[in-house]
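Quick notes on the structure that follows.
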Amino acid sequence: MSWSPSLPTQTCGAWEMKERLGTGGFGNVIRWHNQVTGEQIAIKQCRQELSPKNRDRWCLEIQIMRRLNHPNVVAARDVPEGMQNLAPNDLPLLAMEYCQGGDLRRYLNQFENCCGLREGAILTLLSDIASALRYLHENRIIHRDLKPENIVLQQGEKRLIHKIIDLGYAKELDQGSLCTSFVGTLQYLAPELLEQQKYTVTVDYWSFGTLAFECITGFRPFLPNWQPVQWHSKVRQKSEVDIVVSEDLNGTVKFSSSSPFPNNLNSVLAERLEKWLQLMLTWQPRQRGVDPQYGPNGCFRALDDILNLKLVHILNMVTGTIHTYPVMEDESLQSLKTRIREDTGILETDQELLQEAGLVLLPDKPATQCISDSKTNEGLTLDMDLVFLFDNSKMSYETQITPRPQPESVSCVLQEPKRNLSFFQMRKVWGQVWHSIQTLKEDCNRLQQGQRAAMMNLLRNNSCLSKMKNAMASTAQQLKAKLDFFKTSIQIDLEKYREQTEFGITSDKLLLAWREMEQAVEQCGRENDVKVLVERMMALQTDIVDLQRSPMGRKQGGTLDDLEEQARELYRRLREKPRDQRTEGDSQDMVRLLLQAIQSFEKKVRVIYSQLSKTVVCKQKALELLPKVEEVVRLMNEDEKTVVRLQEKRQKELWNLLKIACSKVRGPVSGSPDSMNVSRLSHPGHLMSQPSSACDSLPDSDKKSEELVAEAHALCSRLESALQDTVKQQDRSFTTLDWSWLQMEDEERCGLEQACD
């Protein structure tokens, strides 16, 4: 179908005639719009000069259309009331759903598709058309005129939907499943139809294969510019596996069984579809569509296997090569890494697989964790979902990236840019040159994506490091506070100890224990370790900020974008030349742009890899710091426990000493200030009678504390003398003091003595 200007306004009730959508096999197709409901339909009407045979075909098309119901076959609609009266003849009108996306030919003719559709668009197209053909064949219908003009596009909820139209040449199979008449489009015609031989559904296989090849490469597979007679005599010489018969710039005809370059398919799909095209483009009808695994007509099942592949795309940042792997639903990441090692030589332990956001692929999840559905993006995205492979054994990355090899025709004009080419040769070569510049730009963007993924991963590690730094600082502050408290406390204790020595109370063991504690806490704190780590982290932070500020740390446009746009403009001007100006010419301007693009690519790659090496160095520093910070935090936590333990031990020793002293005082005073007097304190033997039992009851396990307590008992006599002097001086004021702390019952006294023990 081809698009035409608007027609003179004509109405039928609420329906208004709009533009002509195109011309089909028997007549015109016109868009009508309902001004009340907003509904749109396509009305196909026959030309008046149809022969009786074609009038019968037209009626057959309407019958076929009205009984078909499939999402990839355009649906028939009811002809609005009264519209049949507007028909130019007595033949019935055919009303169909309107697909606003236009036909596939219009889509293929867009400049961007000169070297084939994007991968996602190809997969979507193959899926839809295969489904439609299956349906038609199951309903015993051969289309016979499958071509881009007879496929229209409709925007669905998630993607573009392709629908087959124009069944004007469709033929219902008779009981023998053979047909002998045909009038169709020669360029997509199966050989047996050209030869007017009997045929089956395999004629649609040939047309489908030709259509698929054109969508993949941007041109038809077999000498597209040759006349039918010469075409037939030359192409029939191809082998059963040849899928390309082309003419080079020297006029030499070449046969090939390989998919031509360039195209937009990944390596796995290119290989699988190459095998599938060999099935579809077999010259002999009986062998066409026969799959080795699924047998006759097994080409659709073979295509299903291809369309259902789950592919992981790995960009090796060491070489710049993309490796594509079909993976099973439950395949482990370790299994994928083993396959990567076989292709790249990078050990599994050294492989780091990053997604674009810098996230590491999780080892406990399957290899499919990074796959999205490429058939839902309508083929509009320029990039596949990439996983970036880094070699952790490398501390720096060398620039090992070179531009991809050029197609043969492009290499030819690079060597001879002044060589004159025909218009059709120039159109193909210039399109390939433009595509080569596009490819350079996309390859550069992918490498930069990999560098940014490494940068994002560095920032994630740096974020973890910053959190650990904050935790280290918090732990250091807490430890310092406890150390300061402990040191201050022990200094006070030592000062008070020196003051009380005037009363004659001394303990070398107690003093030695306190001195040992004081020395022990001096080993705690880790202030120097913390300081060194903080300095290293601050230096790393400065390096990371410098990386982020670098222009290459962000997505850049630049020279390649400009050169690609200039090449596109040159190609557009060539394509839009009037027919009378389509003369021979050279390719100097396009070659100049390609050479500049190659130089710009190599320069950008050097900058990207310089940035990547700096990123890798920073990441290595961050990874080295992480365990060191963890270790210092662990040691500080141990130091904190040590300080707390020493503090508790010192306090227990003080309280043990105090309890023993108090027990010697409480015994003679019997807990009553009224009965306390000097005479009660004048019997050293009585005062010394209780501590021995307390000492005997001390646990054997705490030997050091027992020794200190024993020494304290030895000092009791000195303490009694001091207490007697104090009691004598304040005997008169005892009754005014608060002695409630001595009001204890015998059970409490026993409990305290047991606690002391």
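Placed from the backbone N, Cα and C atoms, the Cβ positions cover glycine too.
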From SER259, SER672, the one Swiss-Prot labels phosphoserine: SER672
Region 'Disordered' per Swiss-Prot - which of 572-593, 682-703: 682-703
For the region 'Leucine-zipper' (458-479), the number of residues DSSP places in helix, strand and coil: 22 helix, 0 strand, 0 coil
Which same-chain residues, if any, lie at least 6 apart from LYS163 (ubiquitin cross-link) yet have Cβ under 8 Å of it: PRO71, ASN72, VAL73, VAL74, CYS99, ASP128, ALA132, ILE151, VAL152, LEU153, GLN154
Site with most surrounding Cβ atoms, counting all protein chains shown within 10 Å, from the binding-site residues LEU21, VAL29: LEU21
Cβ neighbour count within 10 Å of PRO191 (hydroxyproline): 20
DSSP-derived structure type at PRO191 (hydroxyproline), helix or strand or else coil: helix
Top Cα neighbour of PRO191 (hydroxyproline) in the set of recorded positions LEU21, THR23, VAL29, ASP145: ASP145
Rounded to the nearest Å - Cα separation of ASP145 (active site, proton acceptor) and THR23 (ATP binding site): 14
